[in-house]
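Participant: According to TrEMBL:
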type	residues	note
TRANSMEM	95-112	transmembrane segment
TRANSMEM	157-179	transmembrane segment
TRANSMEM	191-212	transmembrane segment
TRANSMEM	224-244	transmembrane segment
TRANSMEM	256-279	transmembrane segment
TRANSMEM	373-391	transmembrane segment
TRANSMEM	431-448	transmembrane segment
TRANSMEM	454-472	transmembrane segment
TRANSMEM	479-499	transmembrane segment
TRANSMEM	546-567	transmembrane segment
TRANSMEM	574-594	transmembrane segment
TRANSMEM	632-651	transmembrane segment
Amino acid sequence: MPDANAGTPSVSALSGSLIAGLVLGGAAAIAAVAVAGPVAPAHHPSFVAGEMSLLGLGKALESRFVWTLMLVAGLAFAGLETLRHRVQPELHKVLWPALMPAVYWLTTRVIAPPAPVAGAMGDTIWLFVSAGLIALTAASAVLARRTDAAWVRDARWGLLVPVLATVSGIAVLTGLGRLDLDLFAILSGWSAWHLAWFPVLLTALCLFSFTLPQTARGTWLARLTLAAQLGLAAGFLCLLLPPAEVDGALLRQGGLSGPALPILLALLSVGAAVGILLGSRTPGRPTLSPWAVAGALIALKLGDGGAIAYAMDNPLDLYHHGEWLIPWDQFWRHGVIPYVDSAPSHGLINLAVGAVAALVGDGTMVGLQQGQLLVRGACLTVAALVLGRLLGGPAALLALVLLPFSGRTPILLLVAAAFGWFIARTEARHPVAWLCAALAVCIALVGLAPGQGAIASVALLPVIVRMLWRAWQGQRRPLIVAVAVALAVFALVGVLGLFGQGPGPVLRAQIRFILENRALYEAVHGLPWTASFTRDMPLGPVAWEVLRALWIPVAAGLLGALVLAAARREMRGAWIFMGVAVLVYLLGTIGHTLGRIDLGGPSRTGAQTVFALAILLPMVVALRAPRHLLPALWLALVPIGLLSPAFRAVLDPQTLAHLHQSRDREDAARQWIDGAAEGIPALGTGLMSPSLIVLVKPVHDLIDSVLRENETYLDLTERNANYFYLRRPVPVESGAVATMATRGMQTRSIARLRADPPPLVLVDAGYTSGQPFPPPLRTPLLYRTLMDELAAGRYDVWTDGTLTALIAPGRAPSPTLPVAEGIARLDGIWGRPKLDRLPTAWGASADTIADDLEPLAATISLNDGRSVAVALERPGAIDFLGLTLSCMGEADPATITWAAGAQTPSFIFSPSTGLALLPLDIWPSQALTPAARTGRFTLSLPPACSVSDGAAWSRKVP
């Protein structure tokens, strides 16, 4: 049938055919080069030396590539346009989905490192996938021989069937091998070609279905789709870690204590298969079950079981890895209550990972990876089930496949699931039940992830208010009862909390944690956006910043759409509430997202971008205009493809084809180690880096030689995983004192230390001196308290040359340092002579930090702006010296020096007009000798600066 618009073909139709022709031509050209064999030397008309003759090469491959590309692309374009004009006018609507693998491949190559020549062919597999889908589209159009309304829909399902069948084969072989290691040894001998027969068979049957009438074709495709997705239920078995190969033997990893987890996952897979069967009961209509989506995603995104970029999975990173290791262990083993006694960095999700790891494993370090894999799989499953019902199975699969998986992705997936589930059900017939569920979910979100969870709960407020109004109008009595019950529960929790029982103390402490840290988050963890402009980037700095900040146009476009809807009085429907929730969430996370611009990497703003493009935007579009869902995902495809290499999250077909063969092999970097044999049972038994033993063993031996079984120590090295390996409770509110920047956390921790002083304070373990923000700068109140204890003789300084600690008198394993040597050792570890702009930043914040300082009555004498003399009216010591500076433009660094016995400490800082607050007590030698912080200070200012006034303060130490 001719196209009614043949005279004026649409840009979409023409460009679809042209790009499809180029993809076919590119695939044909690459294949032609691949089968060409060795290149014969070029023929030369005379004896001549040049690059070509010197290398003995020729231009035959280049010619073959270009001619093949031009001929195939041109003929394919002409053939597709002819087919569109004479057979299927809607052909381009199927070509665009077929092109997505090629476009994804092309975008992921922009900032990726170049592949070696030997691997160039493997790097183009996605191009051949698109070429195959284009050929399948053309074949289905020819076989149909007629135009009908359902052809576009059926043809798209025809493209999806071979994809699902391929992933099903991967999931079945990988899952069965993980379930039974004996079976793994057999299946791992199968090559990728063994996986091909199933999708090839289903593809042939799909093509046959297009020779049938429309009704029969729909029935046939429904059955083929069911067959293709049924094997995806085995994807849940991929939540078992791949085996380790040690001395030729296959060993199960993850510290599993028995067969319970494999059996549980096998039952889950069976249940998922039943869910897939029950979801395909609509006769004559293909469907993709959300359970199949979940299984496919687990296989594709988590199937290799390896570390995830920016996910804190590296045990050698004792700081970040410890944030996941210690919270559950502290609670379960030592009775440390979350937030009341110690604050988990990311929320209760830290405890959830440890709890799952302990439940299925032996509670050692090697089991944490299995716990992380299970929690990530659970979050991915919840998101797949919700988005599968909201967006439809194919769109949900595409959206979640596009989303790079990084450290905070599980939290983001739970936020998306909460939005999708509750907002899509705003027309529920039982608003009271909806409100009860929403309350429980909001409490869970805030508990699991206080930051993102609180913002998400605020974003849900508009729809909650609407449901309250609906309940008041239609279910007033049940609403009153539900509110009364909720208030009674909250009152009971509050009363129990007064006696330290129930969840009340935890909730109160968590709220306090959020309020205390919110104000300091930017100053403590932030980085100016402009600082990243000067770094080496995979793209030009402007292009890179635009790319990773594309969530801003999403938010701006959404804001504009909501304003237009309000102007046109279209503020109704679930999409309005979804749009408002997404906009509030994006705006609410600005402080979190832009407050942390990491250098070089995609950073949190890049994570926000891919989440907004892959998940949030499609959710709004699905409720507003479902027909535009595919274009919305197309819109997300290109920038996400560009960003994926930065997340190290590119889907590699070669890796997927060999997923069933994946195993961890012992090598020099990771060896099979028995932690108990090394004297550190908490490590467990498994593959780990020998360097981890080198890091932990000296600290472990020192602590065990000094402390009794019921004692603990204070670790100031920021390596909080040591508390897990040493099986000791954390004596303060955080295992890493760098996260205790707030005055409240330090004050409460100081009170606990004074009530039960630890016999040992670990100051350095060979890697602390490189900390940019040591305790004197990050936790000054805690630092000053420890210096006071040292000055009072309650601690001695001890070192073995690598480890340095403050140890109670008479407890050290060897002689302690003389006082002067001990002070010098602490100065070398904690002293920071270069303060950059810190004094001027503190001076600009003088009004807000005044409560932390006590003014000292003193006479300040200035001598030509070069020296400062301070005469205190009462005996005391100066902790902060304030200088009022006046500078002309950007000035060179300034230096201030003062005499202190045998040492002459000094600071170098960047002056600017205004007050500069110089912290004199951050050198341990100065904190321990108050008399040194009085008298005369020598100031070396650049010519562009002068000093006009001065003041002195002491620090308020609890």
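Quick reminder: no glycine exception, Cβ is built from N, Cα and C everywhere.
Map the listed features onto the structure and describe their local environment.
Facilitator: Residues 94, 97-98, 132-133, 136-137, 140, 187-188, 190, 195, 198-200, 202-203, 206-207, 209-210, 221, 224-225, 227-238, 240-243, 262, 265-266, 269, 286, 288, 292, 295-296, 299-300, 303, 394, 656-657, 659-660, 662 of the same chain, all 6+ positions outside the transmembrane segment (157-179), place their C-beta atoms under 8 angstroms from a C-beta of that stretch.
Long-range Cβ contacts of the transmembrane segment (191-212) within its own chain (Cβ-Cβ under 8 Å, at least 6 residues beyond either end) map to 136, 139-140, 143-145, 154-155, 158, 161-163, 165-166, 168-170, 173, 220-221, 224, 227-228, 657-658.
Tertiary proximity for the transmembrane segment (373-391) is limited to same-chain residues at least six positions away from its ends with a CB under 8 Å from its CB atoms, namely 236, 239, 241, 288-291, 293-294, 297-298, 301-302, 305, 308, 349, 352-353, 356, 360, 397, 399-400, 405, 409-411, 413-414, 416-417, 420-421, 424, 615, 618-619, 622-623, 629.
Counting residues 6+ beyond its ends, the transmembrane segment (479-499) has Cβ neighbours under 8 Å at 431-432, 435-436, 439, 468, 471-472, 505, 507-508 in the same chain.
Long-range contacts of the transmembrane segment (546-567) within the same chain, counting only residues at least 6 positions beyond its ends with a Cβ under 8 Å from a Cβ of the stretch, are 539, 576, 579-580, 582-583, 586-587, 593, 602-603, 605-606, 608-609, 611-613, 616-617, 620, 624, 639, 642-643, 646.
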Participant: Can you work out which residues elsewhere in the same chain, 6+ from the ends of the transmembrane segment (95-112), have a Cβ less than 8 Å from its Cβ atoms?
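Facilitator: Residues 12, 16-17, 19-20, 23, 80, 123-127, 129-131, 133-134, 136-137, 156, 159, 398, 538-539, 630, 634, 637-642, 644-646, 650-651.
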Participant: Where among 256-279, 454-472, 632-651 do we find the most Cβ pairs under 8 Å to the transmembrane segment (431-448)?
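Facilitator: Comparing 256-279, 454-472, 632-651: 454-472 has the most Cβ pairs near the transmembrane segment (431-448).
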